[in-house]
Amino acid sequence: MPQDVLLGKSLPELTDWIETTGQPAYRGKQLYNWLYQKGIHDLSEITVFPKAWREQMGTYPVGRSQIHHQRTAPDGTRKYLLQLHDGLIIETVGIPTEKRLTVCVSSQVGCAMACDFCATGKSGFTRHLQAHEIIDQVLTVQTDFQQRVSHVVFMGMGEPLANLEQVLKSIQSLNQDIGIGQRSLTVSTVGVPDQIRALAQQNLQITLAVSLHAPNQALRESIIPTAVHYPIEALLDECREYVAITRRRLSFEYILLAGVNDLPDHAAELAKKLKGFQSHVNLIPYNPITEVPFQRPGKKRINVFKQILQDHKIAVSVRYSKGLEADAACGQLRSNLRRSAPATVK
């Protein structure tokens, strides 16, 4: 965004800014609270500020998006298409459970990783999101649910480590300004050379989830074309460095594709690869999409794969994506809308 925006600024930065508008420094704290706690879209909403100031500054960009489309699944999951200042559309998902509210945020418009099984990858890459555009997604969900967001996962559109600078800025704000603990933040990556190492140097207590999806290089390249530039052994070496530096357990994500990477031999090979790792494996049965021919394995095949990992002392669980009825798996709702008539803004 060419013009400066307020969302993403710290309390000292907002205090400095408010003084440039002719207001006393204490107004900075008020602005900070209205921005991050009340989630305003417009400065004219700040009723504790003088009317003349609100009229003068009402059009100054806060940095909020508009909800272009929203869909709710029977399980309560809410999928949002958010329209950015330049008209581009991104996806966000709010996932409620009994004691928490998790937001799945996007870090890019589209994605350059081009994973064969991902709807977002089929749409190509447009641009990186700025930090405030990531923070905005969390505030949007928090306001819509009228419930405090407890967890944020960077598992929406885009490759977070390809946009590391803005992702780190958003993490700082989510932690310090919105009050979400670092251990409640998860960054997912398919792997970008040297960026896991760069993330480790930040000394954060977040969770890193590595999208592995295959036990060997050849199979990984066949479903993740960009993996040709990042051999699986180099990826795992960086993962070991990450654990050594951060003392944090890794998560490995593994999407199960029927007949592709879900065979018993694949499970045994994966167990061998991850032996000795301080990690947990999340097995994710595939969410079918219209653009690609992959299918979800049956429950028996899933359970056999899981049992083989357990027999090799690998910590593992099966994670079923919520919100399938709302096309909430990454990329699905946006892709479906692009094939249909434009949705009514609401």
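Just so it is clear, glycine is given a Cβ too, placed from its N, Cα and C backbone atoms.
Quick look at what Swiss-Prot lists:
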ACT_SITE  Glu91  active site, proton acceptor
DOMAIN    97-325  domain 'Radical SAM core'
DISULFID  Cys104-Cys330  disulfide bond
BINDING   Cys111, Cys115, Cys118  [4Fe-4S] cluster binding site
BINDING   Gly158, Glu159, Ser188, Ser211, Leu212, His213, Asn287  S-adenosyl-L-methionine binding site
ACT_SITE  Cys330  active site, S-methylcysteine intermediate
### Task
Filter the recorded positions Glu91, Ser211, His213, Asn287 down to the ones within 10 angstroms of Cys118 ([4Fe-4S] cluster binding site), Cα to Cα, kept in sequence order.
Asn287
### Query
If you measure from the Cα of Glu91 (active site, proton acceptor), which of the binding-site residues Cys115, Glu159, Leu212 is the nearest?
Glu159
### Message
If I restrict to non-local contacts, at least six residues apart, and a C-beta distance under 8 angstroms, what lies near Ser188 (S-adenosyl-L-methionine binding site) in its own chain?
### Response
Val153, Phe154, Met155, Pro160, Ala209, Val210, Ser211, Glu253
## Note on the structure
The recorded positions listed are Cys104, Cys111, Cys115; by CA-CA distance, the one closest to Glu159 (S-adenosyl-L-methionine binding site) is Cys111
### Task
Specify the nearest of the binding-site residues Cys111, Cys115, Gly158, Asn287 to Cys104 (disulfide bond), where nearness means the distance between Cα atoms.
Gly158
### Message
Looking only at the domain 'Radical SAM core' (97-325), what is the model's average confidence as pLDDT?
### Response
95
## Note on the structure
A correct count of other C-beta atoms within 10 Å of the C-beta of Leu212 (S-adenosyl-L-methionine binding site) gives 27
### Query
Sorted by position, what residues of the same chain at least six away from Gly158 (S-adenosyl-L-methionine binding site) have a C-beta under 8 A from it?
Ser106, Ser107, Gln108, Val109, Gly110, Cys111, Thr120, Phe125, His128, Leu129
### Summary
Taking only the CA atoms, the spacing between Asn287 (S-adenosyl-L-methionine binding site) and Cys115 ([4Fe-4S] cluster binding site), expressed in whole angstrom, is 14
### Task
Measuring Cα to Cα, tell me the gap between His213 (S-adenosyl-L-methionine binding site) and Cys115 ([4Fe-4S] cluster binding site) in whole angstrom.
10
### Message
Validating a neighbour-count step here. Other CB atoms within 10 A of the CB of Cys104 (disulfide bond): how many?
### Response
28
